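Undergrad: Mind looking over this structure? Questions follow.
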Amino acid sequence: PAPAKAGRAPGPPDGGWGWVVVFGAFVSIGFAYAFPKGLAIFFKEIQNFFGTSYSEIAWISSIMLATTYGAGPISSILVNRYGSRPVVMFGGLLCGVGMISASFCTSIVQLYICVGFITGFGLALNLQPSVIIIGKYFLKRRPIANGLAMAGSPVMLCTLAPLNQFLFDNFGWRGSFLILGAILLNCCVAGALFRPIGAGTAAVKTQVIEEGKDALKEKTTKDGLEISSSPDVPMENKREEEGGKDCFEKINQYLDFSLFKHRGFLIYLIGNVLMFLGFFAPIVFLAPYAKHTGIDEYSAAFLLSILAMVDMVARPATGIIANSRWVRPRIQYFFSFAIAFNGACHLLCPLASSYTGLMVYSGFFGLAFGMVCAMLFETLMDLVGAARFTSAVGLVTIAECCTILLGPPIGGILIDTFGDYKYMFIKCGAVMVLAGTFLFIMNYYNYRTLAKEKKKRKTKEEDLKSARTESEGRNNLNKDSAQGGPELEPLREEGIKKEINGP
């Protein structure tokens with residue numbers, strides 16, 4: 001017989017091999033987030049090579065980011081079906097193939113397909129499994145682990161910005177894309193580190209499930225004979241109903257659409273969809289903006305390195321602060337503040353006209369960007385729980401991909417229309433301040449409503465408990481009187497006679 005604990009999912013170890021998994025997620029998430037931003041170094045040359053506008057060239061990053069987020073449900077389904085390890089390894093292979101193919105492109109449309117769709121889909125298969133597996137390995141230290149894994153983005157950006165400039169100067173954009181495709185194959189190595197948790201109990205669990213299925217088949221066969229003998233209930237109709245139910249359960253297992261009835265999830269979804277309209281455009285246009293003001297290429301690339309270095313420190317620090325007992329119970333407020341702070345930085349960017357001012361802006365932007373990214377998935381897991389997190393990530397990313405797709409091109413249209421970058425930064429800042437304010441107000445409403453619902457539920461439970469106690473007391477009295485009725489009947493008759501005869 002199987003042990004009593006066989007088949008139970010083991011709890012998160014909160015350490016051990018989990019730290020190796022965090023390193024793998026560090027590399028995988030780093031490429032997924034930093035690579036679309038690092039490509040901005042090549043945009044000016046690609047624009048001159050193909051003779052395109054700012055808005056047309058911005059579609060490369062937009063399509064890549066939108067595909068990375070839009071493929072979220074596909075990534076979630078694959079993770080639920082096959083696990084994180086093979087999905088990440090396949091994603092790394094797609095990234096390499098996409099960038100190597102892009103080095104042979106002869107039109108901007110071909111770049112959209114190779115860099116935008118193929119590489120973007122590969123990055124999607126790197127991003128979400130890396131975030132999901134951290135939730136399986138960590139519980140108490142989850143904010144810290146998420147902060148360390150998310151720090152991969154600034155580290156990779158800090159490395160890719162000067163590396164891309166070096167590759168461009170020596171090999172051109174085609175040779176650079178070829179080399180970058182080979183570098184992205186390291187995501188396959190990172191995915192190999194994602195060892196499935198609870199492998200020891202998998203064999204026993206499978207055995208228990210198979211035994212249960214065999215027993216169920218025997219019972220179904222017996223029941224089928226009994227049911228088929230009855231003319232009122234045909235066996236075929238019953239099987240069809242059970243088959244339909246199984247199909248619905250399978251779909252709901254991969255993507256839990258009941259999350260759209262979850263108030264906190266809907267608030268998070270609306271706020272994030274609005275936020276991403278101005279989240280990535282400032283990074284995409286930061287280096288071109290510096291070049292537009294007359295700053296040399298290496299100094300413009302160094303602005304991204306400053307942003308990345310500050311971001312590198314901000315993400316783990318934010319994870320530690322978010323894990324504290326003062327912030328974690330109200331982490332949604334902290335997340336709202338980080339988004340509004342990010343927008344305030346963009347609104348003040350047009351005041352930075354010199355290179356020193358842009359360096360200061362890059363530092364504050366890196367701090368705000370790191371705060372948002374460190375809590376982006378932690379706040380979602382705080383709302384829906386670890387069990388529904390996989391489905392929640394898939395549903396959120398598919399909704400966010402629309403605004404991610406439109407954000408940079410809208411910024412490019414503003415630049416082409418007015419001939420100035422400041423309107424793009426003002427638009428992004430205003431949108432993010434609005435998103436942060438919305439999340440703060442709605443989270444306050446959500447916390448108040450949850451407190452009222454909890455109080456009402458507690459009152460109902462107390463009322464039910466008191467009503468149950470009263471009914472139990474009445475039942476006991478009735479029971480006692482019922483038990484004493486026949487035995488006490490002679491005594492009652494004797495008392496009645498005494499009352500009639502007098503004292």
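Cβ atoms are placed via backbone N, Cα and C, with glycine included.
Below are the features listed in TrEMBL for this protein:
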- 16-36: transmembrane segment (TRANSMEM)
- 18-447: domain 'Major facilitator superfamily (MFS) profile' (DOMAIN)
- 57-78: transmembrane segment (TRANSMEM)
- 90-123: transmembrane segment (TRANSMEM)
- 144-163: transmembrane segment (TRANSMEM)
- 175-194: transmembrane segment (TRANSMEM)
- 220-239: region 'Disordered' (REGION)
- 265-286: transmembrane segment (TRANSMEM)
- 298-321: transmembrane segment (TRANSMEM)
- 333-353: transmembrane segment (TRANSMEM)
- 359-377: transmembrane segment (TRANSMEM)
- 389-411: transmembrane segment (TRANSMEM)
- 423-447: transmembrane segment (TRANSMEM)
- 455-503: region 'Disordered' (REGION)
- 459-473: compositional bias 'Basic and acidic residues' (COMPBIAS)
- 489-503: compositional bias 'Basic and acidic residues' (COMPBIAS)
Undergrad: Where else in the chain does the transmembrane segment (265-286) make close Cβ contacts, counting only residues six or more beyond its ends and a cut-off under 8 Å?
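TA: Answer is 36-37, 40, 43, 58, 61, 65, 69, 259, 303-304, 307, 336, 339, 342-343, 346, 349, 362, 365, 369, 372, 376, 379-380, 383-384, 392, 395-396, 399-400, 402-404, 406-408, 410-412, 415, 421, 424-425, 427-432, 434-436, 438-439, 442-443, 446.
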Undergrad: Where among 144-163, 333-353, 359-377, 389-411 do we find the most Cβ pairs under 8 Å to the transmembrane segment (298-321)?
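TA: It is 144-163 that shares the most Cβ pairs under 8 Å with the transmembrane segment (298-321).
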Undergrad: Any contact between the transmembrane segment (90-123) and the transmembrane segment (359-377), i.e. 3 or more CB pairs below 8 Å with pairs at least 6 residues apart?
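TA: Counting Cβ pairs under 8 Å (6 or more apart in sequence), the transmembrane segment (90-123) does not reach the transmembrane segment (359-377), since there are fewer than 3.
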Undergrad: With contact taken as 3 or more Cβ pairs under 8 angstroms (pairs 6 or more apart in sequence), are the transmembrane segment (423-447) and the transmembrane segment (359-377) in contact?
TA: no
Undergrad: Which whole number is the mean pLDDT over the domain 'Major facilitator superfamily (MFS) profile' (18-447)?
TA: 79
Undergrad: Does the transmembrane segment (359-377) come near the transmembrane segment (175-194), with 3+ Cβ pairs under 8 Å (pairs 6 or more apart)?
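TA: Between the transmembrane segment (359-377) and the transmembrane segment (175-194), contact is absent.
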Undergrad: Before we move on, state whether the transmembrane segment (389-411) and the transmembrane segment (57-78) share at least 3 Cβ pairs under 8 Å, counting only pairs 6 or more apart in sequence.
TA: yes
Undergrad: May I ask for the residues of the chain that lie six or more residues beyond the transmembrane segment (333-353) and have a Cβ under 8 Å from a Cβ within it?
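TA: Non-local partners: 271, 275, 278-279, 282, 293, 318, 321-322, 327, 360-361, 364-365, 368-369, 371-372, 375-376, 379, 421-422, 425-426, 428-437, 439-440, 443-444.
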